[in-house]
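Listed in TrEMBL:
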ACT_SITE  K135  active site, charge relay system
ACT_SITE  S210  active site, charge relay system
ACT_SITE  S234  active site, acyl-ester intermediate
BINDING   M184, S210, V231, G232, G233, S234  substrate binding site
DOMAIN    79-559  domain 'Amidase'
Amino acid sequence: MPETWQDIAARKQRQRTDRIPKAWLVPASHLTATNNSGNVLDVPRRCGVLASQEIHITEDLDATALVAGLATGKLKSVDVVTAFCKRAAIAQQSVNCLTEIFFDDAIARAKQLDEQFKKTGKPVGSLHGLPISIKDSFKVKGYDVSIGVAGFCFKPATINSALVEVLLEQGAVLYCKTNVPLTMMALDSHNNVFGRTLNPANTALTAGGSSGGEGALVAMRGSPIGVGTDVGGSIRIPAMCNGLVGVKPSHGRVPYAGQEGGALPGSSKIGIESTAGPIARNVRDCEMLLRAVGDGQPWLFDPDVLPQSWEQQGSLHTGSPTTKAGRPLRVGIVRTDGHVTPLPPIQRLLDEVARTLRSSTLPSRDTIEVVDVDISKLGPQLLKVFNGVMSIDGANTWFDHIEATGESLSPWLATRLRRRPQKSLDEVRKLQAQKLELQSEFMKVWKESGGYWARGGKQSSGDLDVIICPVAPHPVPPIDRWNTTNYTSAFNLLDLPSGVLPVRTFAESDMEGDLPRGEPLNGWDKINQGLWTEIDRKVYVGSVMSVQIVAPKLMDRRLVESMAVLEKALAPLREVSGKASKL
């Protein structure tokens, strides 16, 4: 008699638990939040598993500092990797963020790298000895790539994903994979095999999806930097939920080949290409990883990657004929997409960001030029076409996967996903034509002459470098209450690089504010308003509020360079919030 999905899940969870050394197990009494706050971020520090040096390694050094210490021999990889393996084990016991655990392999590799450094005095690659966590969808030889599907369990991968190969060649140490939602299309990381990942800052709020396990692990400092994937917001949404920086590259910048996404092979070529990118605690760590990948000849591992090193990519300073060192950063503020109106605290945040940037003066630049940009006529079209392209298969392949073992849909999916007829070839062609038309139209947004800039007031003296807009029209919501991806999925459809930047925490004063008068714009807008009128707003207090930064297509280097400038320029808002340590 074949195993039920419940049997498979129980066996898989036992396997995961057995891979955690007994000395790293934490008593249940130490895993609970203090003062009923729902915040378990301090569990690793107070549970007694970590030595003081391991707390120092995991809390005081970011990924860039770790790489520098490892490359000079000041730090040993085995010490760094062991510290993060232990902290990842604690994070797993606290918020259920891991899927595959390969701590033993990671520590063995770290020892090998240390031995090689001792012999040669040189690091192995630009990521020598750095532990990096990866989303469950990446294939690692010898380990499952189940993506939370019972029927995919206990079928170890026989190859590495392309990006896994690049990271290993650059000297990285991979030590765990992280949790995802069933179907990889949900916005709360729950599946029937591994269960639900919790938000470590407030377990009543969502950790996001689909890279929710990655976001929770990095937030717990169980990883110095992680790699997620994004086809509709799956890097940026968990980054927002966990108060982190996340970057979704353009397609063709970071290898994606060899992933397990549950779709039939070749599906992305008629749909929307997913991309892989970093989730970290600051911008410089994201830039460090993207630079390492770009300089690792990734085009030799994935035929879709463009043959350009990091230095050859368009820079904010020298990489474009319209950008010159010393002139102001040009930023467009998008306040709404015209489909779902942001709630009062999100509108307030954008006002604060615009005002802070207009008054900012940084050492490397005279000013930051800010203009208001109105894309409200495009927003509804972007979401409609995105949803159309994403539903080409009618979810039939996914239903085949879960019905093979009798699995039920996760709570977030239960009212949203059902079998539909597959789209015809002509329907697919029309959707692709609409996508191309929107991509062409959006190119006008970057130019003053394009008709999307607000009239009146001081205008920019050239094209925009980046756009700032909401990540979502609401704060970090309770579990299973994330509304719509329209503010993130638009930039997957347009294939524009985009990232999330934490700004400040939600204060008690942010609970104030009224909704616009009149009827909601549509059903999505009505659901969004319910996140303001139907729940106790106190649940939002202390959560991190973030903005999204978007750059022109393939200008990934310009994106992260701009994010670094904005990170510094917006620092006063973090200081005013009084809780900068959470960011």
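From the backbone N, Cα and C atoms, a Cβ is placed for every residue, glycine too.
Shown on the structure are the features that TrEMBL records.
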| residue | record | CB count, 10 Å |
| --- | --- | --- |
| K135 | active site, charge relay system | 28 |
| M184 | substrate binding site | 28 |
| S210 | active site, charge relay system | 34 |
| V231 | substrate binding site | 25 |
| G232 | substrate binding site | 25 |
| G233 | substrate binding site | 32 |
| S234 | active site, acyl-ester intermediate | 36 |
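Overall, the recorded substrate-binding residues M184, S210, V231, G232, G233, S234 cover a maximum inter-Cα distance of 11 Å. Taking only the Cα positions, the spacing between K135 (active site, charge relay system) and S210 (active site, charge relay system) is 9 angstrom. Straight-line distance linking the Cα atoms of G232 (substrate binding site) and S210 (active site, charge relay system), rounded to a whole number, equals 9 Å. Compute the center of the Cβ atoms of M184, S210, V231, G232, G233, S234, which mark the site for substrate; besides them, the chain residues with Cβ within 8 Å of that center are M185, G209, S211, T229, D230, I235, I237, S274, T485.
Looking just at the domain 'Amidase' (79-559), the mean pLDDT is 95.
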